[in-house]
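To start, the structure itself, in C-alpha cells.
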Amino acid sequence: MSGSINTPLIEVRDLGIRLNTSRGPAQAVRGVSFSLKRGETLGLVGESGCGKSVTALALMGLLPDSAVVSGSIRLDGSELVGLSDANYGKLRGNRISMIFQEPMTALNPMHTIGRQVAEPLRRHTNCSAAEARKEAIALLDRVGLPDAAKRVDAYPHQFSGGQRQRVTIAMALACQPDVLIADEPTTALDVTIQGQILDLIAGLVAERGMSMILISHDLGVIAENVQRMMVMYGGTVVESGATNAVFTRMGHPYTQGLFRARPRLGARKGTRLQTIAGTVPELADLPSGCTFADRCAIVEDRCRMALPAVVDVSAGHGVRCVRTDVSMAEAVGAVGA
Amino acid sequence: MSTPMSASIEVGAATARPQAPTGFWRRALRHRSFVIGGTLSLMVLGAALLSLVWTPWSAYEIDVASKLRPPSAAHWLGTDVLGRDIVSLLLVGARSTIMVGIIAVGIGITFGVSLGLLAAARKGWTEEIIMRMSDFTFAFPAVLSAIMLAAVAGPGMVTSITAIGIFQIPTLVRLTRGSANAIWAREFVLAARASGKGGFRITIEHVLPNVLPILIVQATIQFALAILAEAALSYLGLGTQPPQPSWGRMLNDAQTLLFQSPMLAVYPGAAIAIAVLGLNLLGDGLRDLLDPRLARER
Ligand SMILES: Nc1ncnc2c1ncn2[C@@H]1O[C@H](COP(=O)(O)OP(=O)(O)O)[C@@H](O)[C@H]1O
Ligand SMILES: [Mg+2]
C-alpha cells in the first residue's frame, strides 16, 4: 500500500507485446494504455483472438519467455515490466490474481481442492497448515460451494464446472489481492450458471474493495459488470470509456458491429443476426494502419496509412478512428440500432 | 528431436487420478498382462530372496568329480562344467540380476528424471545442454560404455552397473522432459504460476506427480533392458566376475559346451527370458491400469 490515494493502482502506458508465431515474430498488442484506480472495475471486450488474454498475461508476467514486452506496467507506482520471475512470483496470487476460462483444466487433477485453495496462503502468508485449511474452508464456503467443510478434501473431478470455477475463484481471492483479472470466467459454463458466477465475482469485488479487469467477448457481460470498458481489436484498443458513455453512443465501427451482432433475447423469429463481415486476422497479417480496416464498411485510404490516433469524442471516451464524424452520425448504442 | 527414440511410451497421457486402492487392485487382478507379468516378476524376485536363505547346494562350491551331471534327484537340473548345482546357480544368479537391475535403473531414474524435469522447467540453454548431452550419451550403447569403463576401472559388477545406469539416463531424460513439457503446457500450471508458485515447487507438486504413472511404466521396461544388458556384459566377461554366479556368466560358461550340453545354455537363457517377459507384461499392464482415460470408465 505504498502509493498515495491519487496514484492509480495499475497504470499501463503504451504496452506492446511481440510474440513468436509459427510465421515469425509478430506484434500481438500495440499501444495499449489505461489506468485503474483502487476499487474500480474495467472490462476488456473483443472477439476471440484480439489480444485480450495476451494483455492479461502480460499484466501477470506470465507470457512465454520468448515474448517481448515494451512500454510500462506499474502497480502502485512500481514498474513490473522487466521484473524477475522470482519477484513477480511474490505479487502473483498475492496482489494480482487471475481466474481462467476453463475451470475443467485450471485445477490440478491430483490435488484436493482444499490444498489448492490453501496453497497461495501457504506461499504468501506465514500461516500454519491448519490455519490455511480453516481459511480455505471459509473461502470455499464464501464462494458458495455447498458443504465446504465436508468437501474440502475432494478432488476436482468430483465437482461440476460451475463448482470448479467457484473453487478457482476461492484460490484467486485467498490472499485478498488488490487486483483480480478474470479472463472469460464464464465462457466455458452453462448459460444458467454464468449469471450466478458473475454475480459472485461482482459481489466479492465490491465486498473486498478490489479492482477488477473483466475480460469477455460478450458485450452483455461487460455492460452489466464493469464501470469502464475497453474494446480491443487486432491488439489495439479501438474504443474506451465509461461503460455508460460507450453504450450510449458507440464511436468505433468495430464496437458498433459487435453491438449489432449481439444475440438478443426476444428477437422476432426469422430476424437475421447481423455479423461483422470477415474474421480476426492472424497476428502475422495484422495491417500496419487501423487493424480493423479490412473489415470496416467506411474505410478510406488514410485509415491504412498509420494507426489512427485516439479521438476524444467526449470526456474520457476515446475512439481510435479517423472517421468518427461519419461513424457517429447515426447513433448506435442502447438507444439506437 | 530428430534422433529416434528407444523403448519408450506415448507421451502426453499423463494424468492419473488417485485411485481408491480397492478399485485399483480389483481392476489389476482382472488384467491378464498385469497378472501374468506380475507373477513372473514375483517368481524371479522370490528366487533371489530364497537364495539369501536357502539353496539346494552351495553355488560357489566346485566339485569337478561330479561335473556335467544330467538332472537327478540330487541335482534337479544337473551340474555345470565345474560340478556346481544348476538350480543353486540360477537362484543366486537371480540375485545378481535383480541387484544390477535395481541399482542401474535407480541411477538412470535419479539422473534421468532430475535432468528431464530440470530441462522442462528451465528451458533455454539449460534444456539445450541437457538434451545435447543426452543425445551424446545415447550414441554409446551400454556394451560400448562398459568396454570403455572396464578399460579404465577394470571389469566387474560395479563397472557393469555404472555402464548400464549411464546407458539408461538418456532415454529417461527424453521421456521425462517430453511428458513434463506436456504438463507445463497445461492450464493448471499457468494457474499455479498465477498464484505465485516458482518453477521448483511447480515441478515437485504439479509436474512430477502427473508424469509419475508414465515413469513407473517405463521403469519396468528399463529394468528388463538392464537385465538384458547385464547378461550381455557378463557374457562378454565385463560384468559379474567369477566366482559370483550370474545368468550372463552361465551363458558364457555354457558357450564352449554348446554341442555337448546344450541345456546348460537353455536354463539361464530361459531365466533371462522369463524375467524380461515378466517385466514387459507388467509394464504393459501398468500402462493400462494407470491410464486415467481407461480408469474413468468404471
Ligand atoms: N503464446 C503465443 N504464441 C504466439 N501467438 C500467440 C500466443 N498466445 C496468443 N497468441 C496469438 O495472439 C493473438 C491474441 O490472442 P489472445 O490474447 O489469446 O486472444 P483473446 O482476445 O481471444 O484472448 C491470437 O492471434 C493468438 O493466436
Ligand atoms: Mg482469451
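In case you wondered, yes, glycine gets a Cβ from its N, Cα and C as well.
The transmembrane segment annotation in TrEMBL covers B:34-54 (among others).
Sequence annotations record features per position, and here TrEMBL assigns domain 'ABC transmembrane type-1' to B:94-283.
For the transmembrane segment (B:98-121), same-chain residues at least 6 beyond its ends with a Cβ under 8 Å from one of its own Cβ atoms are 44-45, 48, 127, 130-131, 134, 157, 160-162, 164-178, 180-181, 183-184, 199-200, 202-203, 207-208, 215, 219, 222-223, 226-227, 229-230, 239-240, 246. Taken from TrEMBL, the feature transmembrane segment covers B:98-121 (among others).
Annotation comment: TrEMBL describes B:142-167 (among others) as transmembrane segment.
Taken from TrEMBL, the feature transmembrane segment applies to B:211-236 (among others). Sequence-distant contacts of the transmembrane segment (B:211-236) (same chain, at least 6 residues past either end, Cβ-Cβ under 8 Å): 7-9, 11, 13-14, 16, 96-97, 100-102, 104-105, 108-109, 113, 142-143, 146, 160, 163-164, 167-168, 171-172, 175-176, 179-180, 183, 246-249, 251-252, 255, 268, 272, 275-276, 279-280, 282-283, 286-287, 290-291.
Feature annotation from TrEMBL assigns transmembrane segment to B:257-282 (among others). Within the chain carrying the transmembrane segment (B:257-282), a Cβ under 8 angstroms from the stretch's Cβ atoms is held by residues 33-34, 36-41, 43-44, 68, 77-78, 80-81, 86, 90, 93-94, 97, 220-221, 223-224, 227-228, 231, 247-248, 250-251, all 6 or more beyond its ends.
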Exercise. Any residues 6+ beyond the ends of the transmembrane segment (B:34-54) with a Cβ under 8 Å from its own?
Worked result: 28, 88, 90-92, 94-95, 97-98, 271, 274-275, 277-286, 288-289
Exercise. Looking only at residues six or more beyond either end of the transmembrane segment (B:142-167), which have a C-beta under 8 A from one in the stretch?
Worked result: 96, 100, 103-108, 111, 226, 229-230, 232-234, 236-241, 244
